[in-house]
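Copied over from Swiss-Prot:
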{"type": "BINDING", "residues": "Ser46, Thr47, Arg48, Thr49, Gln73, Arg97, His124, Pro125, Thr126, Gln127, Cys260, Leu261, Arg288", "note": "carbamoyl phosphate binding site"}
{"type": "BINDING", "residues": "Asn156, Asp220, Ser224, Met225", "note": "L-ornithine binding site"}
Amino acid sequence: MKHFLTLRDFSKEEILSLVNHASELKKEPKKLLQDKTLAMIFEKNSTRTRMAFELAITELGGKALFLSSNDLQLSRGEPVKDTARVIGTMVDFVMMRVNKHETLLEFARYSKAPVINALSEFYHPTQVLGDLLTIKEWNKMQNGIAKVAFIGDSNNMCNSWLIVAAILGFEFSIAIPKNYKISPEIWEFAMKQALISGAKISLSHDKFEALKDKDVVITDTWVSMGEENEKERKIKEFEGFMIDEKAMSVANKDAILLHCLPAYRGYEVSEEIFEKHADVIFEEARNRLYVVKALLCFLDNQRGRE
């Protein structure tokens, strides 16, 4: 069964097809999943992700069932595989936002319904699909190639972008603090994909080096959910990594800024630059709705072929 746990499991053609279908559904909504049911399991808070999934399945003609971790027997120690074997037989899709990626993998092993990663500590693939749709809409993909810089933490967003850039053949530069590292296993995967796609991938600790000649600039919060106790330390470590006017001036003249939100002005991005690119950033957030629609349709079609 096809799940959506990481973009590593998807081909270039499948990723681009998802983005193109999302664009079509944005222009012409259709009820393609009449009476289908989506279970939404959250171990972490969510604003945009919950809204995107709940609206997506509803507008496609189905219905959503919201389940926080406190609503489930998982919170009392029931094995993940047992929960998966119950929920996965009652619904058509399962969306999960989890603390540990292993929870997703375990759930997917036992679920009879496709499982979607709505965020884990390693990956945030639905967000990257929304980013790709936004890049397409702002005409920052020329001949199938985008020039992208990611500035910030070597987190789930960085990992997901590294993977998709390598698969799609993008020019992609990462800038992270000196004591931060990319997962060796994810980096190895990306390098192998880059040999196939022709992607140009670089890693540095200098944001200006990464930003040079880029059309798309991506940043993310320095303090992810669950890292609140590390805030003071991380702010010190990320000193100099803010995206401000000086940083954006190094990128190409009409470069756009993307941020998955929530944004913390004065830390990863300046107030001035955030507001300057607010139209793009909030359309990026809105685009999550349409890529989720396309994803649900894709998984439903894949399941129908089995």
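Note: Cβ is positioned from N, Cα and C throughout, glycine not excepted.
Note that the coordinates shown come from a computational prediction; the quantities given were computed from them, not determined experimentally.
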Fill in the blank from the handout: Across all protein chains shown, the one of the binding-site residues Met225, Cys260 with the most other Cβ atoms within 10 Å of its Cβ is Cys260
Completion exercise
One should report the C-alpha separation between Thr126 (carbamoyl phosphate binding site) and Ser224 (L-ornithine binding site), rounded to whole angstrom, as 17
Fill in the blank from the handout: Check: min Cα-Cα distance from Ser224 (L-ornithine binding site) over binding-site residues Ser46, Arg48, Arg288 goes to Ser46
Completion exercise
For Ser46 (carbamoyl phosphate binding site), the nonlocal same-chain Cβ neighbours (under 8 Å, six or more residues apart) come out as Arg97, Ala118, Leu119
Practice task
Give the sequence-ordered set of same-chain residues, not counting Asn156, Asp220, Ser224, Met225, with Cβ within 8 Å of the centre of the Cβ atoms defining the L-ornithine site.
Solution key: Leu119, Glu121, His124, Asp153, Asn155, Met157, Thr221, Glu227
Problem - Between Cys260 (carbamoyl phosphate binding site) and Asp220 (L-ornithine binding site): CA-CA distance (Å) - result: 6
Fill in the blank from the handout: As a whole number of Å, the Cα atom of Cys260 (carbamoyl phosphate binding site) is distant from the Cα atom of Asn156 (L-ornithine binding site) by 11
Handout entry: Local Cβ density at His124 (carbamoyl phosphate binding site) - other Cβ atoms counted within 10 Å
Key = 27
Completion exercise
Comparing local Cβ density (other Cβ atoms within 10 Å) for the binding-site residues Arg48, Thr126, Ser224 points to Thr126
Fill in the blank from the handout: If you measure between the CA atoms of His124 (carbamoyl phosphate binding site) and Asn156 (L-ornithine binding site) and round to the nearest Å, you get 6
Practice task
Would you find the one among the binding-site residues Asn156, Asp220, Arg288 whose Cβ has the most company, meaning other Cβ atoms within 10 Å?
Solution key: Arg288
